[in-house]
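To keep things clear, I will list the structure first and then write my remarks on it.
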Ligand SMILES: *[C@@H]1O[C@H](CO)[C@@H](O)[C@H](O)[C@H]1NC(C)=O
């Protein structure tokens, strides 16, 4: 059951990524600075690291000594007390389910576990954010203070909020902002009213007149029209 659910969510996220996120140009790829996999000499304590993961770009704060603090959704702490199991590298299944159950922890992992096979980018948010980063050691100490369980929300309290809170002193997420922008442009596009109205009519023709088809047919286009 759990596996089926994870499978569905992963598939859904792939479609979602392709359709919505690419459409909205989620990441400004050209501005990012790739850094080679062998990390040690180039990273300093307090650097903000990024790697791509299933649903989103993942963020963490480098603590030095090959360790990264990051906020990551994880279902396991809800299912078991076995610390050894929980400490093991977080797979995508654990991550996706943690996301759905809004369970997350700020934890410390090795660079390799944090990267999960992807290339790590360093400090690339500095160009996007309008704020100056705090002093490096202060950034790392803010991250260390937050280690432990953490409330999670994909949109309002995610790994990017954690990273920006530590590095700049205030939490914000480009991914959330892009998503909201995208939602806004859909709402403000008058074609959405027409399309939702047409879909409603099709559902009425197909399933017949009933409150479950007529109400949405009227209310959704009306709401979109008023909100747009
Ligand atoms: C990241 O930013 C910090 C300053 O906050 C700087 O000391 C460090 O060298 C930067 N790292 C890289 C790899 O550019």
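Even glycines carry a Cβ here, placed using N, Cα and C.
TrEMBL assigns the feature transmembrane segment to one of the listed ranges (159-192, 193-226), namely 193-226. Looking only at the domain 'LRAT' (48-175), the predicted model's pLDDT averages out at 93.
When Cβ-Cβ distances below 8 Å are used as the criterion, the transmembrane segment (193-226) is approached by residues 187 of the same chain, each at least six residues removed from its ends.
When Cβ atoms from all protein chains are considered, those within 10 Å of residue 159 (active site, acyl-thioester intermediate) total 25, not counting its own. According to DSSP, the secondary structure content of the domain 'LRAT' (48-175) in residues is 50 helix, 36 strand, 42 coil.
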